[in-house]
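Novice: Take this structure, written in structure tokens, and hold onto it; I'll ask about it next.
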Amino acid sequence: MEQDIRGALPKSQQGKRKRILILEDSEVDADLIIRILKKNNLDFEFLRIENEAEFLRQMDAFAPDLILSDINLPGFSGFKALEIVKQAYPELPFIFVSGMVGEDLAIKMFNEGAVDCINKSSLSRLPGSVVRALEDSSQKKKRRLAELALEKNLRMTHEILIASIKALATAMEMRDPYTAGHQRRVADLAVQIAKRRGFSEDKIEGVSLAAAVHDIGKIYVPAEILMRPTRLTSAEYELIQVHSSAGYEILKDIEFPWPIAKAVYQHHERLDGSGCPRGLKNEEIIVEARIIMVADVVEAMASHRPYRPALGLAAALEEIRKDAGTRFDPDIVEACASLFADGYQFPQRTS
């Protein structure tokens, strides 16, 4: 007596006709398979085929939810069909139904991607196997849809974060015309250094975004101090020096996938502990900050400032070389210097 297993079907599938493609050259065997499934009240639409050309055509035309396949077919094989399915339709369940399934052959079937293998002498197992395969396939599709939705949300969040960083950078530069473009130029050089150091694309993006807002804390500094065309007093200079801490306070609660706030906080530290705000040393300073500090010094010295003319690229490179291994990471200094030796140029100012 065949067991009624309709209740085993997931509720989402009950009442919906699933399509089963049967790769079988024996019409008698195919009819037996169909009768056994129908006796168990499983409502399916069936299509029997027995050659490769028809199989390839019906994979799109019939769009099966599951495949039942014999091993040997005229000029074709179940293993060839399985290979095609795994390459083009990796989530489509494939069950072997054959008259000669020994242990070694069964192991090969599972290793190559079949979800089950059933001897034709044991077809009573088939309805349960079909139900399980369809349920597993349904769950995989749901998980994949959830993953795609999550990926879409992550992309949108990523785009919003980048847009926010660019807006912060623009807001800062609008307040300080003398350093307009400074952050963009530092970011460009920092990215090239990170690339030369062999960083991953994701880490490079983090360096780029941190460098693009490394001076965001200056938004707390009065505009008249930022734009003054004369040297600052000691008190005013100390006020500007706290901008890395201020930048950290602005950014610390934003959940970036990169250490943006930390890099901004540390970009005025120095390897020998002579920097600020905490006097960190060596590996206490994250590599993103070590890159930004070098790019920042080179760009600042090579560019005009309201209280002095540009000191020039040669002087800037000499400065970082002189302090390589003491104030600056020697590997980063080497990468930076080699970029300019290879013809790197800062982007032209746009304002």
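Don't overthink the numbers, they just go from 1 along the chain as shown.
Even glycines carry a Cβ here, placed using N, Cα and C.
Feature list, courtesy of TrEMBL:
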DOMAIN    19-135  domain 'Response regulatory'
MOD_RES   Asp70  4-aspartylphosphate
DOMAIN    157-351  domain 'HD-GYP'
Novice: Take every residue in the domain 'HD-GYP' (157-351), average their pLDDT values, and give the whole-number result.
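Specialist: Reported value for the domain 'HD-GYP' (157-351) is a mean pLDDT of 89.
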Novice: Within 10 Å of the Cβ of Asp70 (4-aspartylphosphate), how many other Cβ atoms are there?
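Specialist: By my count, 24.
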Novice: Taking helix as H, G and I and strand as E and B in DSSP, count the residues of the domain 'Response regulatory' (19-135) in helix, strand and coil.
Specialist: 59 helix, 28 strand, 30 coil
